[in-house]
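Visitor: Sharing a structure below in structure tokens format, with a few things to ask.
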Amino acid sequence: MILRRAGTYILLTAIALAFVGPFLILLSAGLKPADQAVFSFPPDVIPRPPVLDWVIEAWTAIPFPHYMWNSVIYVAITVPAYLIVSALCAYPLAQMRFRGRNLIFFAILSTMFLPGEVMLIPRFMVVSQLGMADTFAGVILPGILSAFGIFLLRQTFAGVPREIVDAARTDGCHELRIFWHVMLPAARPTLAILAIFGFISVWNSFLWPLVVLKDSAKYPIALGVAYLAGITGTDVRSLAAGTILSIVPVVVVFMLMQRHVLEGMRGAVKG
Amino acid sequence: MAATRMPGQRWYTPYLFALPALVLFGVFFAWPAVTAIQLSVLHYDVVSPPTFAGTDNFTRMLGDERFWKSLLNSVLFLVGMFPLLVVLPLLLAVLVNQKLPGIRTFRMLYYLPVVTSMVAVGVAWEYVFHQQGVLNWLLTAFGLLDQPIQYLLDPFWALPALVLVEGWKSMGFYMMIYLAGLQTIPTSLYEAAKVDGAGAWVRLRRITVPLMAPYIAVAFTMEMLDSMQAFTSIYVMTRGGPQDATLTLGYYIWSAAFEHYEMGYASAMGLVLWVLMIGMALLNHRINKGQAVVA
């Protein structure tokens, strides 16, 4: 029994190493001093001694802090907008009866069948025609509507007992007040999950900003790292350091919120 | 329905609530969808005004070797990712579904690549795939390889290498889907089977897989759509090379549009990709009729 359990843990750890290993290799390369080889047989992974030279080099070789700041702005605008738009749309879908409800529902549903890759070119055309090519707005606006968010919130709102909503309505409560004081508090856990997922996806977004942006001063961090990787002569150590640095915010948020993220995924699948 | 209208709710109230979403839908989904169809029958290089192309873009596709190559590569992606995203995550989910101290930490570690950017993942794997990197060391140390391989520069190995990276990144996500399903299976079923002397393999075959069928169907649909859209790993690691070995349909479309400014041709290929994806989703839905649990 004990032996079996030990075997299970060895297997679990070996698999964990396969998932974390590539990041550890990056971390090791990013901390190695210049006179220690990055690649060797057998691998020599412990930096002797660990140095921060490459972190500093990555930080200055490209406008790294600026890209990080851009990503913060993209997240700070996109995520709240996405939560509000999703919640506003989900409320009537869940709690009101009106003509065209199914039509709106299917319109939102259909966006799931218009994947980003297919929409890339026509959406770029539309954004250009609106004069939003190479702007923050052009990066942000197309990413706000999410069928996933609307579905999850619609489901949460539908779970709010009708009696509560009707009681509020007969008391003469304005719909906006019901939305704000009854619905949103009831959906707090769902909103938290959507916020975390939204943060992760905006922070990591790559393809759409790549297409919309010409001016590198507006790059989010993922594009910044790709840019750093594309510069010939970038030292492998400083590329490693920069890459690790770029994922720190997401990894930290994920570690702190992992319970919500993993529980939230389970809730989403069941829905 | 007028009957349920209450004070504070006028007929237009629900529409006002939905308005921001509807505007975004119109501008960034409906309008581009129409534009996509228009563009596909045009020659348009962004600089000069578009000219009508009729079916030129589509007939060109038929004779374009790179198009067929990219389609083949996309299909290879789809096939290669199947074991990585549909089969292995189920086994992983069974593994992490046990009640063991610290199991949450393992789930979290397996999920880590899901939350990191594909750019970072691509860079990390370039270090793993390096000629003097850890993969070559492992394979030569175990005697599986005589000579180190430059995976990303080798026309044979580049595509499997990218499939591995894409699969590795998303495996944790699929594992969590399966885990959600596994937790709906009553443990009493397994206990009864154990009493009857069923081993781990039999329990997996006879209980887990049949009961998980709807989740497997969902995973399969998502795997098809995901693999048809692989882009960032290719952009970061191979740029479609060597010798178009990793040129997928998605990458070819991007390259035609934004490197060669053939918007019409790229849009036509985009439509083909779209039809393929819808077709696969529908086909899968038909096969698994009534089993899907997620929309």
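Every residue, even glycine, has its Cβ placed from backbone N, Cα and C.
Just so you know, TrEMBL annotations are computer predictions that nobody has curated.
Since the structure is predicted, the reported quantities are computational estimates derived from the model, not experimental observations.
So TrEMBL lists the following for this protein:
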- A:9-31: transmembrane segment (TRANSMEM)
- A:68-257: domain 'ABC transmembrane type-1' (DOMAIN)
- A:72-91: transmembrane segment (TRANSMEM)
- A:103-124: transmembrane segment (TRANSMEM)
- A:136-153: transmembrane segment (TRANSMEM)
- A:191-211: transmembrane segment (TRANSMEM)
- A:238-257: transmembrane segment (TRANSMEM)
Visitor: Using a Cβ-Cβ cut-off of under 8 Å, list the residues of the same chain that are 6+ residues beyond the ends of the transmembrane segment (A:103-124) and lie near it.
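Guide: Sequence-remote neighbours of the transmembrane segment (A:103-124) are 89, 93, 133, 142, 145, 147-148, 150-151, 207-208, 211-212.
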Visitor: Would you kindly check A:9-31, A:136-153, A:191-211, A:238-257 and say which stretch has the most C-beta pairs under 8 angstroms to the transmembrane segment (A:72-91)?
Guide: A:136-153
Visitor: What same-chain residues lie close to the transmembrane segment (A:9-31): Cβ under 8 Å, and 6 or more beyond its ends?
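Guide: Same-chain contacts beyond the flanks: 38, 43, 45-47, 50-52, 54-55, 58, 236-238, 240-244, 247.
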Visitor: List, by number or range, the same-chain residues at least 6 past the transmembrane segment (A:238-257) whose CB is under 8 A from its CB atoms?
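Guide: Contacts of the transmembrane segment (A:238-257) (Cβ under 8 Å, skipping residues fewer than 6 from its ends): 23, 26-27, 29-31, 38, 54-55, 57-59, 61-62, 64, 68, 71, 192, 196, 199-200, 203-204, 221-222, 224-225, 228-229.
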